[in-house]
Structure formats: C-alpha cells, structure tokens
Amino acid sequence: MATLLRSKLSNVATSVSNKSQAKMSGMFARMGFQAATDEEAVGFAHCDDLDMEHRQGLQMDILKSESGEESGEPPLEGDIHYQRDGTGPLPPSASKEACSELSGQGKPKITAWEAGWNVTNAIQGMFVLGLPYAILHGGYLGLFLIIFAAVVCCYTGKILIACLYEENEDGEIVRVRDSYVDIANACCAPRFPTLGGRIVNVAQIIELVMTCILYVVVSGNLMYNSFPNLPVSQKSWSIIATAVLLPCAFLKNLKAVSKFSLLCTLAHFVINILVIAYCLSRARDWAWDKVKFYIDVKKFPISIGIIVFSYTSQIFLPSLEGNMQNPKEFHCMMNWTHIAACILKGLFALVAYLTWADETKEVITDNLPSTIRAVVNIFLVAKALLSYPLPFFAAVEVLERSLFQDGNRAFFPNCYGGDGRLKSWGLTLRCALVVFTLLMAIYVPHFALLMGLTGSLTGAGLCFLLPSLFHLKLLWRKLLWHHVFFDVAIFVIGGICSVSGFIHSLEGLIEAFRTNAED
C-alpha cells in the first residue's frame with residue numbers, strides 16, 4: 001500500500017512539475033531568455049496576469065489518502081500537491097526547497113540590463129511613428145508632453161512596485177503581492193476582494209484588442225500608401241492582412257512567433273535610423289517657424305492619448321521586477337530607460353515634423369519618397385503582422401481564463417475538452433475575435449484616432465490613475481507630503497487628460513464611422 005501511494009504521489013508531483021516548468025518557461029521566454037520581445041509588451045501583460053493566476057492556484061497542501069485518514073497516520077513528509085481552489089495552508093513539514101523548485105523560483109533571473117531592454121521595447125516600439133503627428137497638433141507643448149509623460153510614467157512605475165511591498169512584524173520590507181491584479185484586489189478588499197482585479201483585467205483586454213486592431217489598420221495603411229497605383233483599396237489590404245493573420249486562432253503557444261520578435265525589434269530600430277537619416281539630409285529645409293506654442297484645441301487631446309499610449313508599460317512591471325536578480329536596481333533601470341525614451345522620442349518627433357511640417361501624416365513613413373517608402377513600409381507591415389499574435393494570444397488567454405476556465409466562477413462552460421484540445425466552438429470564438437479586429441480596422445481606419453482613444457482610456461488609466469490611487473490607498477500612512485501631492489496631482493491631471501482625450505477621440509471615431517458607413 002505504501003509503495004502504491006508513493007507511486008501515485010510521484011506521478012502527481014511529476015505532472016505538476018511539468019506544468020509548472022511549462023508555465024515558467026513561457027514567462028522567462030517573455031523576460032528575455034528567448035527572443036520574445038514586443039514593442040507594446042503585451043507578452044508581459046499576458047505574463048503578469050497568468051503569473052498571478054498561476055500563483056493563486058499553486059498553493060501547496062498535504063495530500064491525504066483515505067487510508068491515511070482512517071489509520072490516523074501522519075502524512076509522509078514531502079507528499080504534497082497543488083490545490084487549484086487555493087485552500088489549504090502550507091504545513092511546516094513541507095520544505096521550502098520543494099516549494100521553490102516547483103514554483104520555478106530556482107530558475108535564472110534577469111539582470112537590470114535585460115530588464116531595461118524589455119522596458120525599452122515596450123515604450124519605444126512601432127507606435128512612435130505616430131508621435132510627429134502629435135507635434136503637428138501640439139507644437140512645443142507636444143514636445144513638453146513627451147517629456148512630462150516620461151517623467152510621470154517613470155514615477156508611477158516606481159510607486160506601483162512600492163505597492164507590492166509591506167513591512168512585516170520585524171520591520172523588514174517584504175514582497176506580499178505579485179501582480180497588478182493583486183494590488184488592485186488589495187485596494188478593494190475586504191468588501192470587494194476581486195473587483196479591482198476585474199477592472200484591471202478589463203482594461204488589459206481592451207488595450208490588447210485595440211493593439212491588434214491598430215496592427216491591422218497600420219498594415220492596410222502602409223500597403224495602400226506603398227502601392228497607390230494598384231487598384232486595391234486600404235480596406236482590401238486590411239482584409240488581405242487579416243487573412244494572413246487568421247491562423248493565429250489556432251495558436252497553442254507563442255514559441256514559434258517569439259523567435260522572430262527580436263529580429264523585428266532590431267529591424268524597427270534600423271527603420272527609425274533610416275527615417276532620421278533622411279530627415280537630417282533635408283536639414284536645410286527644416287520649417288522651424290512651423291513649430292509654435294499654440295495648440296489645436298480639437299485635435300490636441302487626441303495627441304495626448306497618442307503620447308501616453310507610446311509609454312504604456314506598467315501592466316508588466318510587477319512581473320518584470322519580481323524576476324530581476326537584484327530588484328534594488330529597478331529604480332535605476334526605470335530612470336535610464338525613460339530618459340533614453342524621452343530623448344529619442346522627442347528628437348524623432350521633432351526632426352520628422354520639421355522635415356514635413358504641415359504635411360505630416362498619421363504614420364510618418366507615408367511621408368517618405370516613393371523610392372524608399374515601399375521598402376520601409378513592407379518591413380513595417382511584416383513587423384506588424386508578426387507582432388499581432390502576441391496581443392491576440394494574450395487577450396485570448398485572459399478571456400478564456402476569466403470566462404471559460406475560472407472554475408465555479410466561470411460564466412460559460414470550459415472551452416477545452418478533457419484531452420486538453422480546444423473545442424470547435426472555442427475555435428470559432430477565436431476566429432470571431434480576429435474578424436472583429438478586421439471589422440474595426442475597416443470601419444475606423446484611422447491610426448491616430450484609435451491610438452489616441454486607447455491611450456486616453458486604458459493607457460492613462462493603467463499608467464496614471466490607478467498607480468497613484470493604489471499608492472495613496474495602500475501606503476498613505478507612510479507617505480511624505482510631497483509624495484501625496486504628486487499622487488493627487490497625477491490623478492487629477494491624468495483624469496482630465498484621459499476624459500478630454502477620450503471624448504475627442506470618440507467623437508472623431510464616430511464621425512469616421514458614419515462617413516465610412518455612408519460610403
């Protein structure tokens with residue numbers, strides 16, 4: 001009987017270890033050990049949410065057999081298993097080494113430079129191509145906003161990480177939370193212990209889906225402007241791009257896609273250098289007189305959303321900081337990455353605007369001469385198509401876990417069969433999500449409006465409003481007066497910018513939707 005029990009326990013432990021290693025390998029792949037980087041860091045947002053769910057479910061307990069209960073014998077030391085319902089405290093007899101091994105904490109962690117590389121990919125990605133358009137409607141105030149957004153996002157990233165820690169009975173600062181969702185739930189406890197997490201998840205899903213839509217929009221826009229003589233409209237190019245992306249519905253993991261991500265990021269930096277080099281070659285014709293202090297009241301709030309969206313990274317920072325070799329270097333890493341981003345974004349936006357002035361388009365590469373525009377845009381389209389699976393897969397995972405795989409709290413039946421395969425209707429829903437991104441791209445093919453709307457709605461909320469609010473709620477007794485002042489100021493200013501940008505972007509989208517419907 002004892003041999004049978006040990007055999008059973010061994011099988012359970014092996015199965016659990018395999019699952020744990022699979023999840024953690026996916027997480028570390030997104031942390032830089034594989035080439036799994038993306039300019040919007042949606043892989044990290046996905047990792048942050050799944051890591052929270054995984055940690056909640058991976059609480060350990062003594063595995064009690066019926067024979068052991070009847071005989072009153074104590075359980076064998078080390079006989080442990082994971083309980084998905086999160087019940088059962090970890091007994092003292094369970095060794096910390098086993099817990100550490102099974103939770104993946106013994107795996108290599110990333111350095112501050114690797115963490116900085118991932119943050120850089122998040123905040124200096126493909127969507128910086130819309131920043132010159134923000135300068136068009138904001139002038140010098142737009143440049144100031146690029147600097148201001150960098151300072152605020154750096155600060156809110158730091159205070160968000162501070163919310164992960166609390167002081168224990170011995171006066172030591174210890175990490176008691178693991179994710180953005182944990183922080184949100186802690187702020188809403190005890191009355192609504194899961195409300196905050198649901199709000200963060202909804203914001204995350206909106207941002208991920210809108211990112212997918214933006215990739216389809218920019219693909220259609222770039223192809224249409226690269227080959228204007230072809231009898232193919234922008235809508236038709238978007239449909240072609242979506243047809244290429246439809247296999248994303250069959251994705252089981254991102255292992256294959258992640259191999260191309262680093263190359264895409266490097267190619268994007270090369271493209272940025274080419275654009276700047278062309279602009280510098282026309283330095284004699286720069287229109288300095290076009291950069292003014294006035295703003296376009298109707299369109300500048302949209303520019304705010306564009307700039308904020310280009311800095312979004314807060315959603316994955318808790319997971320990133322938790323996997324650093326030396327978390328004390330996190331603040332320094334945030335400083336130099338955001339300073340670098342601020343300088344590069346400001347120079348790129350200003351130089352590009354000075355080159356084309358009032359003719360600056362929503363996607364700056366559309367202003368390039370036709371001789372090099374087609375080549376540059378084709379590379380950008382390839383990058384957009386290869387980047388699409390990351391936010392799509394992350395959004396699908398969050399939706400499936402919250403709606404179909406949340407145990408007794410799930411709203412719908414499990415979309416996976418007993419053998420782990422996706423059911424046919426689950427696959428249909430995935431395909432429907434791909435088609436939804438196409439329909440949005442067709443009816444609202446405006447890159448700047450969609451980017452401004454997303455930045456004003458979810459970007460400002462996740463980067464400005466929620467971190468400052470959570471910081472005040474969890475640590476207000478220990479905050480100095482200037483921290484309280486900064487948090488309140490950021491919350492108020494961020495709220496005003498968010499509401500203003502959202503209203504103006506929504507008005508523009510509604511107008512564009514009506515125009516396209518009439519056509």
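Heads up, the Cβ atoms here are built off N, Cα and C, so glycines get one too.
Fair warning: this is a prediction, and the values are worked out from it, not measured in the lab.
Annotated in TrEMBL:
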DOMAIN    109-505  domain 'Amino acid transporter transmembrane'
REGION    66-94  region 'Disordered'
TRANSMEM  141-165  transmembrane segment
TRANSMEM  205-224  transmembrane segment
TRANSMEM  260-280  transmembrane segment
TRANSMEM  300-320  transmembrane segment
TRANSMEM  332-354  transmembrane segment
TRANSMEM  374-399  transmembrane segment
TRANSMEM  427-444  transmembrane segment
TRANSMEM  450-472  transmembrane segment
TRANSMEM  484-503  transmembrane segment
Discussion item. If I count Cβ-Cβ pairs under 8 A between the transmembrane segment (484-503) and each of 141-165, 300-320, 374-399, 427-444, 450-472, which range comes out on top?
Written reply: 450-472
Practice prompt. Count the Cβ pairs between the transmembrane segment (141-165) and the transmembrane segment (300-320) that lie under 8 angstroms and are 6 or more residues apart in sequence, then report whether there are at least 3.
Written response: yes
Practice prompt. Could you name the stretch, out of 332-354, 374-399, 450-472, with the greatest number of CB pairs under 8 A to the transmembrane segment (300-320)?
Written response: 450-472
